[in-house]
Amino acid sequence: MQAENDSYNGTMFDFGNPVLKQTVPIIAVFVISYFVVFAMCVVGNVLVCFVVLKIPRMRNVTNFFILNLSVSDLLVAVFCMPFTLVDNIIRGWPFGNVMCKLTPAVQVVSVTASVFTLVAIALDRYYAIIYPTEPKFTIKRTMYVIAGVWILAIIVAIPQVLLIQDGRFPREGDVIYLHICEEPYPYWRKAYTTVLFGLCYICPLMVIMYLYARIGYSVWIKPTPGGDKASKEAKSLAMSKKMRVIKMLVTVVILFTISWLPIHVITMINDYATLSDGRRDIIYVYIYPVAHWLIYFNSSVNPIIYGYFNQNFRVAFKTLLLTRRGVGALQADMSNANGAHTARHSRSPNPRSASRSPRPVASPMPRSPMVDTQIKSLPDVN
């Protein structure tokens, strides 16, 4: 979440190598791992932004939330990954006081906006599926929610700007100095760490799990359209839709939990536990880089999740990556895919009106319309 750096305690430093924290082979593994995740995050989220902004059919409530999430994930990639990587492999803070305050603040803003957007997406999906007849999010209301997400994220980051500062650590009896970037007030640091843990992990996770549990239960118990009179094909299609929704919800919750838990737990342990210098060394040198990598991996796989569970994004991604025919061809391909999807459903013994537009829904990591346009009683991820 913030720049995690060496302690003031002089025993924390191995001045056998006053620059690097790890050996060269381990650093090479870290650099390659971070670079792969950085490339995945940038390419995937740029594709999401391009598809939503360029394709009119993709401009709905859920996809605007997805767009906002991709923007925050891109900020994570640009402002978090490079600086965190450097901070995790070299001793001290080489970027000066301005970047000492700016970089962690931008990190907190982008990460907090990403988490809050996941909650907004979950709420959008919840109301679209559980209360399908109630008024939905409008585009205007969605813009207000997105603006509110960023305002709250900035407010959360203000203490980071005020507390963190660039300092200088001297080694007694030597001329070696290390510039470090950290909060010099332990009690304030503990309080801020605790607030971030509750506000950016525990509360969002509880809300997301509750909403998705309700969605999953509703999807699972909802009867197949046509009841006992439905054909085997229709029942098979309905069960397939249910399983896709359930799998997506489980994927979202598991990825969010696994990706974010280590960094919060380690930060809490580092601030509250009484650790020996050796154990604290292990945390700073080896565990923090891996924990940071996990949250960046989460940002990089979000577009993959959308592409796997959402037919419209799948068609758009494939067309952009495999052809050079431009946005016009992309729109035509999406129309053809939707037309084929409609034609398949229209042959079912219990067809639904194909004239209704897709109803967007939300989720904390995947984001895609989940209510099928032809089988109105069963949510879909297409």
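Cβ coordinates come from backbone N, Cα and C, glycine included.
Under the heading transmembrane segment, TrEMBL lists 26-53 (among others). Within its own chain, the transmembrane segment (26-53) is flanked in space by residues 20, 59, 63-64, 66-67, 70-71, 73-74, 76-78, 81-82, 85, 88-89, 286, 289, 293, 296-297, 299-304, 306, 313, 316-317, 320-321, 330, which lie at least six positions past its ends and keep a Cβ under 8 Å from the stretch.
Sequence annotations record features per position, and here TrEMBL assigns domain 'G-protein coupled receptors family 1 profile' to 44-306.
Here the transmembrane segment (65-85) has Cβ contacts under 8 Å with residues 3, 30-31, 34, 37-38, 41-42, 45-46, 48-49, 52-53, 95, 99, 103, 106-107, 109-111, 113-114, 117-118, 120-121, 124, 142, 146, 149, 289, 292, 295-296, 299-300, 302-303, 306, 362, 367-368 of the same chain, all six or more residues outside its ends. TrEMBL lists 65-85 (among others) with the feature transmembrane segment.
Residues or ranges marked as transmembrane segment by TrEMBL: 105-123 (among others).
The transmembrane segment feature in TrEMBL is assigned to 144-164 (among others).
The transmembrane segment annotation in TrEMBL covers 192-213 (among others). Through the fold, the transmembrane segment (192-213) approaches residues 1, 108, 111-112, 115-116, 118-119, 122-123, 125-126, 156, 159-160, 163, 183, 249, 252-253, 256-257, 260-261, 264, 267-268, 271, 363-364 of its own chain, all at least 6 residues removed from its boundaries and within a Cβ separation under 8 Å.
The feature transmembrane segment is assigned by TrEMBL to 245-263 (among others).
According to TrEMBL, the feature transmembrane segment maps to 283-309 (among others). Taking Cβ pairs closer than 8 Å, the transmembrane segment (283-309) reaches residues 4-7, 12, 21-22, 26, 30, 33-34, 37-38, 40-41, 44-45, 47-48, 66, 69-70, 73, 76-77, 80-81, 84-85, 88-89, 111, 114, 244, 247-248, 251-252, 255-256, 258-260, 262-263, 266, 269-270, 275, 317, 365-368, 381 in its own chain, all 6 or more past its ends.
According to TrEMBL, the feature region 'Disordered' maps to 337-382.
TrEMBL lists 348-360 with the feature compositional bias 'Low complexity'.
Below 8 angstroms of C-beta separation, residues 1-3, 62, 65-66, 68-69, 72-73, 75-76, 79-80, 83-84, 145-146, 149-150, 152-154, 156-157, 160-161, 196, 199-201, 204, 207-208, 211-212, 256, 260, 295, 299, 362-365, 367 of the same chain, each at least six residues beyond the ends of the transmembrane segment (105-123), sit close to that stretch.
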